[in-house]
Amino acid sequence: MAATSRASASGATTTCGGGEEAPGVLASPLFVPGTPCAFSPQERRFLALSGPDGRLRVWETASSRLHHEYVPSAHLSAACTCLAWAPPGAGGGRQSPGSKEGPQRKKRKSEAVVAGEQLDLLAIGTAVGSILLYSTVKGELQSKLNGHDNKINCVRWHQDNGCLYSCSDDKHIVEWNVETCKVKCKWKGDNSSVSSLCISPDGRMLLSAGRSIKLWDLETKEVYRHFTGHAAAVSTLRFITIRPPNENQPFDGITGLYFLSGAVHDRLLSVWQVRSDRKERNAVLSFTVTDEPIHIDLTISESKDEPVKLAVVCRDGQLHLFEQVLNGSCKKPLTSQCSIQIATPGEGNDSTPKPVPILAAAFCPDKESLLIVYGNSLQPVIEKVSLNSTESHVCLVRDVKKTLMLKTEMAVTKVKTPIVNSEVKMLVPGIPGHSAAIRSSVSGEKTEIKRKSTTDGKEQTLEDRLGAMDIDVMKMKQTSGLPQTDNFAVLLVQGLESSDPEILNKVLQTKKEAVIKKTVARMPVHAVVPLLHELTKRLQGHPYSASQMVRWLKSVLTTHASYLSTLPDLVPQLGMLYQLMESRVKTLQKLSRLHGKLYLIITQVAALEQAQDVTDVDQTAKLVYEEESSEEGSDDEMVVEKDSDENWDEDDEGEESENDKQNKLSDDEQEMAIEKEINGESDLDPENESEEE
């Protein structure tokens, strides 16, 4: 996500080295603001960070070395949303000396362990509502807690009894018994999603944040106080004192304590005080930052004179430090005493330094130094910085590339290799293996004779025998299709049943569409659902591997759609895959659904047309037979009809000509009469005419 550098609240700009203004944080796919991360309690020896690739990595803060890496593709059902370290000794973190240990535990036992109880459990909240308890000592997933129906927003450990508390988008808060992995108590926390939790210093109260901040009594599960003042969802809740400022009054465990709250898209951090009266109170003071806070760490004040130190990492990649004595209310927001930025050295004379985003920060146990995590989420750099600077703006120039190169050389990757028995026969694509034709006894006798009758009476070497076997294998012919396709189908089933990653990698890494379709079509029906589970695990890995798995997933869904639609428990089995697809195509959800529906329809129509494909029949007659007598009679009739028609036409024409002549004569007489009337000749009688004549 791209973020821009802003000026601090006091209005001054941050300078880098030679006085130039620091440019904004450049857009980088490796910089994901708000990445789930958590420092180990007390000593701050480890940093647990879940990167954008979905892997959980535990780093050593002293040396910036990768201490442990957990690949969640085999266990995680969704992306990590929150992290929380268990208190030392919680959940059986340290094993007894007589307990059974695997090979990896023996390796860790040889390492030097800091005196005291060892950190072990790490609670991981997921986007589908499950909580995973990961053991850093054993290097494996210890248990899985199922009790929420939606995304986990926050997990918190109780510092005394080792219980775990979680809140989710399903509006509920759950108290877990970690030893039995069961829900101890579950109650509705708000009318909307519950976004954050915090446990009081004495362990008797619980803060929860939804639409409003509520203070719960853990024994009765009743609301003790309400706090309202944030317009957006609260993302952070932290108690910042353990004793009230006024020590003369009797302390009931909660009255007089201060706590801090921060909200999404809010540039103010509010400080609240728990009062004994029932009246609703506003925040006593607030801190202002340059952007939305994504990571907050603080030092708890143990007395009324001890100031509270606050380190706030913002979305724009800057770090702000505050120091304040909590002795009353303040209406004006407080600005940071020091702002820290990190930039790379400029290359050349005219080039400007580029800022490096800060991911997280934490105070060291001495409270005089600070651990800063910067760089990218996949390979962060952890540095310890002292806080004795009196400047209001500090820019640290660091060459991240050189540091990462050194870390890469020092990093040790811990990869588990499966233990394979020597008697197990491995089948790989391209070698016939089980499908090889059984050679006849004649060929066996020939080979034996050939081995015995070698030159100089010596037996053939092992290399010659292997070469002869390879030649014989190449000479074998199979008439039915591609030989590798049959092997792929059998190997795929074998890999799914034995969970062998080597076989599955060799089969699933093929890129030929025809081989994929034939393999999926020839595999048995009982292996369809295990194949979907395996594809779902691999889709959460590297993007290149995910793009390869999409081809297999498309072929499986189109080929075995009818079988999958008959399964009654298909929805819970493929819920993980559906959640993954929803998160991947969230930006183009409607277009992706339309594309998928059109692809299925087109595939079904093409299959139907291929099944009903019939050649067009020529409708023209090849032979026509007609009798001669019928032809002559028809000709005579036609001639008669033709003559009668012609005579009839001529008669009609004659009658029409006579009628035309009579009409013409009558028209002439009418014209003569009209002229006579005009000339007055019509007044003469016929008698007069005869006399004149």
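Just so it is clear, glycine is given a Cβ too, placed from its N, Cα and C backbone atoms.
Some features that TrEMBL has for this protein:
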{"type": "REGION", "residues": "90-111", "note": "region 'Disordered'"}
{"type": "REPEAT", "residues": "145-180", "note": "repeat 'WD'"}
{"type": "DOMAIN", "residues": "500-601", "note": "domain 'Small-subunit processome Utp12'"}
{"type": "REGION", "residues": "625-693", "note": "region 'Disordered'"}
{"type": "COMPBIAS", "residues": "626-658", "note": "compositional bias 'Acidic residues'"}
{"type": "COMPBIAS", "residues": "659-679", "note": "compositional bias 'Basic and acidic residues'"}
{"type": "COMPBIAS", "residues": "680-693", "note": "compositional bias 'Acidic residues'"}
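Beyond its flanks by at least six residues, the repeat 'WD' (145-180) meets 81-87, 89-92, 121, 123-133, 186-199, 203, 206, 208, 210, 216, 218 of its own chain at Cβ-Cβ distances under 8 Å.
Here the domain 'Small-subunit processome Utp12' (500-601) returns a mean pLDDT of 83 for the predicted model. For the domain 'Small-subunit processome Utp12' (500-601), the DSSP counts in helix, strand and coil order read 82 helix, 0 strand, 20 coil.
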